[in-house]
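Taken from TrEMBL as is:
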BINDING   Asn106, His111, Glu116  oxalate binding site
BINDING   His109, His111, Glu116, His157  Mn(2+) binding site
DISULFID  Cys32-Cys47  disulfide bond
DOMAIN    61-211  domain 'Cupin type-1'
SIGNAL    1-22  signal peptide
Amino acid sequence: MAKTCIVFITLMALSFSLLASAFDEQPLQDFCVAKATSPVNVNGKTCKEASSVTVNDFVFAGLHLAGNTTNPAGFSATQVFVAELPGLNTLGISMLRFDFAPWGLNAPHVHPRATEMITVLDGALEVGFITSAPDNKLFVKVLQKGDAFVFPVGLVHYQRNVGYGNAVAIVALNGQNPGLVSVPSTVFGSNPAIPSDALAKSFQIDESTVEVIRSKF
C-alpha cells in the first residue's frame, strides 16, 4: 500500500511539473500588435496579421503636449495603453503623462493589476500610498524635479501638486491594462448606487451628506 502511494505521489508531481513547463509567461513571438477591429480578447487583444504590421504600430506621438487641467480636480492624464499604442499588446508595460494645475489632485486610487512608478519632470508633487489593514500606514513624500517614486501593486495611492505652478510627471506601469479603481468615484458613483444607508454607516455620516457627495459624481 505504501509503495502504491509513493508511485501515485510521484506521478502527481510529474503531472504538475509538465503542466508548469507547458505555460510560458513570456511572449511567444517577436510582437503581437493589437488588432483593433477584433471583438475577441484572450487576456489581451488578438494579434494583427504580421504582414500588415508597420512601424507606426510601435509609435505614440503626443507626450510633449500638456493635458487639460481645467476641471475640478486640476488634473489630467494622457495615457499610452494598448488602445493608443497597439504594439504594447502582450508586452506588459504602459505609461502616462500626468499634468497638474497648482494644487491639482489625482484622487486616491488603486491599480489592481500593476505596480506604478512616477518620475517628476517639472514642479513639486506630494505622493503617498497606504498599506493594507490593519496597519493602514501612510508613506508620503514630496518629490522634486527628477525624483522617482514607486507605488506597490494594489495599494491605495495619490499624487497632488504642492507648488504654485504647473507640475508634470511621467508614469510607468508593468501592465498593458493596469486597471483603475478611483476610491471617491467608485464608492459614490457606482451604477447602480450603493445604498445611502450603507455608505452613511460606513463613513459615519448622515444620508443627506452621502447624497451631497454622490451628486458630485
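Keep in mind that glycine also has a Cβ here, set from the backbone N, Cα and C atoms.
Reported as a whole number, the C-alpha separation between His157 (Mn(2+) binding site) and Asn106 (oxalate binding site) equals 9 Å. Here the disulfide-bonded residues are Cys32, Cys47; the one with the fewest Cβ atoms within 10 Å of its Cβ is Cys47.
A straight line from the CA of Cys47 (disulfide bond) to the CA of His111 (oxalate binding site) spans 25 Å.
Cα-Cα distance from Asn106 (oxalate binding site) to Cys32 (disulfide bond): 32 Å (rounded to the nearest whole number).
Counting only residues at least six positions away in the same chain, the Cβ atoms of Val156, His157, Tyr158, Leu180, Val181, Ser182, Val183 sit under 8 Å from the Cβ of His109 (Mn(2+) binding site). A gap of 23 Å separates the Cα atoms of Cys32 (disulfide bond) and Glu116 (oxalate binding site).
Across the domain 'Cupin type-1' (61-211), the model assigns an average pLDDT of 96. The Cβ centroid of Asn106, His111, Glu116 marks the oxalate site; residues of that chain outside this set whose Cβ lies within 8 Å of it are His109, Val110, Ile118, Phe151, His157, Gln159, Val171, Leu173, Pro178, Leu180, given in sequence order. Each of Val110, Phe129, Phe151, Leu155, Val156, Pro178, Leu180 belongs to the same chain as His109, His111, Glu116, His157, is absent from that list, and has a C-beta within 8 angstroms of the C-beta centroid marking the Mn(2+) site.
Just so you know, the Cβ of Glu116 (oxalate binding site) picks up 25 other Cβ atoms within 10 Å once every protein chain is counted.
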